[in-house]
Amino acid sequence: MENQNQVKRNLKQRHITMIALGGTIGTGLFLTSGATISQAGPWGAVLAYCFIGIMVYFVMTSLGEMATYLPTSGSFSDYGGRYVDPAFGFALGWNYWLNGAITIAVDLTTAGLITQFWFPHLPSWIFSGIATVLIFIINVMAVGAFGETEYWLSTIKVITIVLFLAIGLLTIFGVLGQGNVDVVANLTAGNHGFVGGISGFVGVLLIAGFSFQGTEMLGITAGESEDPGKTIPKAMNSIFWRILLFYIFSIIVIAAIINFKDPRLLNPSSTAVMSPFTIVFKNIGFAVAASVMNAVILTSVISSANSVMYASTRILYSLGQEKGAPKFFGRTAKNGIPFYALLATTIICFIAFLTGIFGTQIYLFLIDLSSLTGFLAWLGISVSHIRFRRAYIAQGKKLEDLPYKAKWFPFGPIVALLMTGAIAINLDPAMLFSEHWGEGLALYAAIPIFIVLYFGYKWKYNTKIIPLEEVDLSREK
């Protein structure tokens, strides 16, 4: 294993676009979207995705400005350490690595759940294990080969969603399905399409947030992009709107064809979980198409895990380079792959997905925990951007010299900061006093863990919040 210490800039714009799409469109859309409909009703789910979508847009513009100015595989972990406080960057890095490990575990568990459609009598963990080995092999390849693989996997995913939307619309308007679907009744079920009122809406925000996680991979791919100054802004503009429209239209189609009370939708009491995409085809009488759709969804979930593995590995690699983790994590193989970081992430994920054996309650807890750590990452991006822009102005630099300028500053990052903070704090306190108190305690632990990482590093290295005039605005890593 050769320590070359540098990843390689072999990712083209189409790779970057599809890696971010692939990392975002996966379990969140193909399985957990059913949970938002089940718990908040059709329009409660749509409203939750719109709410989170606005917040994510502001986060994306903040990240885009920093990523084009200073492309690095450490992304917002590096930005937090450079523009705020080294301790802040350290905490962000480990938080995001934890987020990635949990997210991959969720995706791998999802892969096992999806295979139950064909093999209901076999343990789901067998297929989760096979998927783990597969994504490890893909990530061992040189980054160019990885990018090409993810490009085609994500292309299949996008085509699938477009076909699903087309068939769904034909069903809604009565062309398909032989009139078996009562669209009006499904969309107005509950309290005019809402279930649980405000609490139902707030309760699914974490799940909706989980669905949008992966958009921040755009910043991480900048470190291996051929021309980040041009590719990142173009990719960012196309990625966000594609993701938002895919989610909103898919939720509406699913809610129109499936009643929110359908027991096959993901919820804490589910015993036989099925993708809402597969349920749609079964409901309109396309049994063969349902099986094909399930197979495509399986590849999509593996694609999502594949992208997140890429991002998590790069974050751990960056921590190793910056002495925030053992040095060997900052080493690369001859093909530029941070092998030790990849191996460590795979081992953690392999252990974590076993928790999926204990049922949908634990599975939903993992989704919430993954979402919460993701919200902390988005919060960190917003804080870093505010500090970056203030330092940029304080040091007399011209805004027109920025490769990409966030349009809504300072409104955008401030709103994103307030929204992420409010959602992260406004979890479900009642869980701490219910039979699921252990899961509630573990979920809330994500915030104190971040705080301990921050102040622990601060205490050990005696760091401070960097004065604006002293912030390092050089464009070299």
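Numbers run from 1 along the shown chain.
Each residue, glycine too, has its Cβ placed from N, Cα and C.
Summarising the annotation, Swiss-Prot assigns transmembrane segment to 16-36, 40-60, 86-106, 126-146, 156-176, 192-212, 238-258, 284-304, 337-359, 364-386, 408-428, 437-457.
When Cβ distances are compared across the two stretches, the transmembrane segment (238-258) makes no contact with the transmembrane segment (86-106), since fewer than 3 pairs at least 6 residues apart fall below 8 angstroms. Remote same-chain residues near the transmembrane segment (364-386) are listed as 27, 32, 35, 55-56, 58-59, 62-63, 65-66, 76, 79-80, 83-84, 88, 91-92, 95-96, 98-99, 102-103, 105-106, 109, 206-207, 209-210, 213, 216, 219, 266-268, 352, 355-356, 406, 409-410, 413-414, 416-417, 420-421, 423-424, 427, 436, 439, 442-443, 446-447, 450 (criterion: CB distance under 8 Å, separation of at least six residues from the stretch ends). With a threshold of 8 Å between CB atoms, the same-chain residues lying at least 6 positions outside the transmembrane segment (408-428) that come near it are 54-55, 57-59, 61-62, 65, 202-203, 205-206, 209, 368, 372, 375-376, 378-379, 381-383, 385-386, 389, 440, 443-444, 447. Sequence-distant neighbours of the transmembrane segment (40-60) (same chain, 6+ residues past either end, Cβ-Cβ under 8 Å): 33, 186-187, 189-196, 200-201, 203-205, 207-209, 211-212, 215-216, 218, 236, 239-240, 243-244, 247-248, 251-252, 255-256, 260, 378, 381-382, 408, 412-413, 415-416, 419-420.
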